[in-house]
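As written in TrEMBL, here are the features:
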COMPBIAS  9-19  compositional bias 'Basic and acidic residues'
DOMAIN    37-158  domain 'C2'
DOMAIN    198-321  domain 'C2'
DOMAIN    359-495  domain 'C2'
REGION    1-37  region 'Disordered'
TRANSMEM  513-530  transmembrane segment
TRANSMEM  595-613  transmembrane segment
TRANSMEM  625-657  transmembrane segment
TRANSMEM  739-769  transmembrane segment
Amino acid sequence: MNPLNAPNRQEDFKLKDTKPQLGERWPHGGARGGGGWISSDRATSTYDLVEQMFYLYVRVVKAKDLPTNPVTGNIDPYIEVKLGNYKGKTKHFEKKTNPEWNQVFAFSKDKIQSSILEVFVRDREMVGRDDYIGKVIFDMHEVPTRVPPDSPLAPQWYRLEDRHGDSKVKGEVMLAVWMGTQADEAFPEAWHSDAATVQGEGVFNVRSKVYVSPKLWYLRVNVIEAQDVEPSDKSQQPQVFVKAQVGNQVLKTKLCPVRTNNPTWNEDLIFVAAEPFEEQLALTVENKVTSGKDEVVGRLVLPLHIFERRLDHRPVHSRWFNLEKYGFGALEGDKRHELKFSSRVHLRVCLEGAYHVLDESTMYISDQRPTARQLWKNPIGILEVGILSAQGLLPMKTNDGKGTTDAYCVAKYGLKWVRTRTILESFNPKWNEQYTWEVYDPCTVITLGVFDNCHLGGNEKPGGGGGGGRLDSRIGKVRIRLSTLETDRIYTNSYPLLVLQPSGLKKMGELQLAVRFTCLSFANMIYLYGHPLLPKMHYLHPFTVNQLDSLRYQAMNIVAVRLSRAEPPLRKEVVEYMLDVDSHMWSMRRSKANFFRILSLFSGVISMSKWLGEVCQWKNPVTTVLVHVLFFILICYPELILPTIFLYMFLIGIWNYRFRPRHPPHMDTKLSCAEVVHPDELDEEFDTFPTSKQQDVARMRYDRLRSVAGRIQTVVGDMATQGERFQALLSWRDPRATALYVIFCFIAAFVLYITPFKIIILVTGLFWFRHPRFRSKLPSVPSNFFRRLPSRADSLL
């Protein structure tokens with residue numbers, strides 16, 4: 001029996017309201033500028049969506065006139081900052097009496113157990129204990145409090161004292177000590193007492209960082225023709241094709257249907273390239289000798305930066321490029337210049353700047369801007385997210401015989417990725433970090449994931465689960481669609497972190513967030529609802545579905561590789577999980593979920609037919625009489641039919657406002673069919689692709705079935721999405737869209753009421769049969785509005 005299916009566990013999978021103490025409170029005076037908490041609706045601080053955390057900061061700047069060792073005549077100084085049980089050390093300098101460190105130490109106030117801060121200057125010895133040089137002592141009660149955005153506290157020179165503190169010794173050290181919060185500029189790069197056990201390279205992996213996705217371009221290579229292609233066997237005409245490669249991406253043109261020395265293709269090959277352009281475009285012209293043998297007859301390597309950057313659909317100039325005769329190596333370089341005649345290829349190549357390069361699913365897209373910055377519009381809003389804490393995390397690995405978790409959170413929206421600092425050995429980590437993104441379209445999704453850090457250097461034990469070859473473990477993921485948020489409202493919710501494992505659905509803990517979506521231009525935001533979701537080039541010159549799937553896969557690979565090369569790296573497994581790299585894989589559970597989504601859409605039609613049956617059976621005589629009266633009125637005055645329908649939808653929309661969702665939608669375990677999934681279906685969902693089954697025939701048929709079924713699953717899901725968007729018109733899931741539609745229904749009801757019905761039919765018919773020159777390739781305003789409506793796909797696991 002699965003304990004997760006018990007009724008008392010169902011509430012664990014739902015969103016919960018929280019009441020964190022957001023804002024700023026300062027000691028000895030309450031809030032800034034007044035008593036108690038900040039009373040204004042909008043605090044001036046950039047950290048008003050997180051709980052305040054106090055830290056004691058110690059900035060070690062430099063030292064001067066340090067005494068040398070009387071034996072060696074040199075000194076290798078370093079500084080040790082000690083507060084209770086916590087010690088932080090600077091790096092040491094060799095043979096330097098005036099060293100400069102400029103390093104900051106941060107001690108969490110919650111863990112301070114001492115009333116004095118000690119700063120020791122020591123001389124590092126290769127053998128034996130390090131020599132004591134001097135110290136400076138600070139009383140914790142005398143440490144000043146710094147309030148950002150005040151200027152940083154000025155460091156001061158302090159004379160060193162002897163071991164007992166009775167007298168001064170030679171040498172001075174420049175320090176600044178103050179009490180501050182996580183809003184302090186020194187916070188991100190400081191040494192933290194929370195991570196005192198991390199050693200070596202692991203120190204970089206515990207700090208919070210902001211990453212930017214590489215700028216991606218579509219590279220369009222139009223292979224037009226080639227001239228004077230000469231095969232090695234000149235007795236027969238060649239039948240050739242062109243193979244192009246950019247990085248790991250390889251595409252081929254079709255085989256030229258006729259054997260000729262001057263083949264023609266006029267075929268487009270599309271690649272994904274990232275700035276800075278490290279890869280090159282490598283083309284080879286190959287001759288099909290036999291069914292299993294291809295012969296390279298010429299090659300060409302071109303850097304990407306030489307190609308034109310196109311910002312619209314205007315044609316690009318084509319160019320002829322000479323092919324290098326295949327086979328001349330570096331040692332035969334002089335022979336190349338002896339060739340007076342060579343084959344050449346005709347290409348039209350450009351970098352497409354008017355497309356948005358998709359590196360994430362369009363269902364959960366977070367950015368829709370084209371590549372070229374010149375085509376960007378002004379932002380319409382600001383998204384602020386306070387990543388507060390996690391509660392009840394499960395142990396993810398074993399260190400020294402006990403279960404532990406070193407958790408960090410990653411958030412992705414648009415081109416900006418953020419990573420919180422890692423909280424060591426805690427099942428209830430508190431990050432309290434706040435981040436801001438510009439919003440260019442409200443119909444976008446922010447994704448947040450929680451991971452266990454398995455790359456902490458000296459904290460890892462062989463075989464203990466923290467080895468360097470380990471992957472950072474997934475703890476869970478949260479998605480929030482911005483269009484479901486009311487503007488200027490702070491949402492403080494606790495999101496369950498749900499993960500589907502081979503053993504079944506598992507709750508890994510809860511993530512507490514504070515989210516606010518601020519609108520900068522309400523008119524621009526309403527204006528966007530009638531415009532296409534993607535840049536217009538996607539509709540004027542669209543890609544095929546297969547092309548989009550392949551290009552998205554390549555874009556995800558490029559983003560994962562580039563971010564994994566940052567310091568510290570945002571690892572590939574993290575990026576792939578955030579971008580839903582395996583969302584296209586076949587799953588019986590997902591197919592069931594999409595099927596039941598479609599069935600739920602027909603429940604409204606079924607309930608309507610039941611209601612009509614009850615009317616016909618006079619179960620409620622008053623209702624039946626009213627329906628008869630309405631029926632007779634509409635028969636006598638048919639022009640009232642349409643205004644009545646729109647007025648009815650207007651009233652339903654107003655009525656449903658009382659029942660609008662109070663929380664952003666989250667992953668629904670019941671909708672995802674995750675609570676009652678069969679073990680055999682889970683085994684299939686977590687099976688490798690290709691399958692790990694032994695029989696060859698079964699493998700081939702099984703993989704073919706999964707491939708086809710995966711497509712059907714996507715189609716069924718798309719059908720369900722369209723139907724759910726109809727439901728979203730009046731459900732207030734997107735408050736702005738429903739408000740627009742309700743107002744439209746009211747205006748339409750009024751216009752249709754005062755306009756003769758025959759005129760309406762005539763105008764509709766003329767518009768429907770209008771000439772093609774009056775039609776646009778871009779989607780219509782109603783179509784754009786409809787595509788922007790939210791669906792329940794946001795709530796799927």
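Including glycine, each Cβ sits where the backbone N, Cα and C put it.
Below 8 angstroms of C-beta separation, residues 20, 22, 49-50, 377-388, 439, 441-443, 448, 478, 480, 482, 485-495, 664, 736-737, 740, 781, 784-785, 788 of the same chain, each at least six residues beyond the ends of the transmembrane segment (513-530), sit close to that stretch. Remark: secondary structure over the domain 'C2' (359-495) totals 9 helix, 64 strand, 64 coil, with classes taken from DSSP. Taken through DSSP, the domain 'C2' (198-321) splits into 10 helix, 67 strand, 47 coil.
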